[in-house]
Amino acid sequence: MELTHFNEEGRARMVEVTEKQETVRTAVAAGEITMRPETLELILDKKVAKGDVLAVAQVAGIMAAKKTGDLIPMCHPLNLTGVDISFTIKVPDTIEAKAKVTCVGKTGVEMEALTAVSVTLLTIYDMVKAVEKGMVIKNIRLLEKTGGKSGDYRREE
């Protein structure tokens, strides 16, 4: 398999996509943050001093997806057509975040989905770190992607 982010001299480059066909691209990524049960209870009861943790984290994840091209050096800036962040509470101590990102474009949105999930979880950490510093962000992964020349991908869990 060829690594496409290097030129003939072995130096970094942004992949040329001018001739690629525009298709609908989607990606879904997920990750988790674990914490003490008491910390999760504070979040769910909306008793964290900084505000509604999940609402703020959701907006942060959406913003992060839109800024991925500014954060990851070889990512193309994309005109996203949709970003959705959702949460699954896994009692007693875990929040799973999922990001679904969509665009019509010449390159995939996997990095946007992964960035969205990462920043969503980092925002949860930031908002409750005064209560607990031992939280663990883990298992950030691409679950699926559709569109493009390489075809569809679905992680076997």
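From the backbone N, Cα and C atoms, a Cβ is placed for every residue, glycine too.
Annotated substrate binding site per Swiss-Prot: MET74, CYS75, HIS76, MET111, GLU112, in sequence order. Proximity of MET111 (substrate binding site) to non-local residues of its own chain (separation of 6 or more, Cβ distance below 8 Å) is seen for THR68, ILE72, CYS75, given in sequence order. In three-state terms derived from DSSP, MET111 (substrate binding site) belongs to a helical segment.
DSSP classifies ASP126 (active site) as helix under the three-state reduction. In the shown protein chains, 15 other C-beta atoms lie within 10 A of the C-beta of ASP126 (active site). The active site annotation in Swiss-Prot covers ASP126.
The Cβ of MET74 (substrate binding site) lies under 8 Å from the Cβ of HIS5, ALA12, ARG13, MET14, VAL15, each on the same chain and at least six residues away in sequence. Report note: the substrate site is defined by MET74, CYS75, HIS76, MET111, GLU112, and the residues of the same chain whose CB lies within 8 Å of the CB centroid of those residues, excluding them, are THR68, GLY69, ILE72, PRO77, LEU78, THR107. Counting only the Cα atoms, the space from GLU112 (substrate binding site) to ASP126 (active site) is about 21 angstrom.
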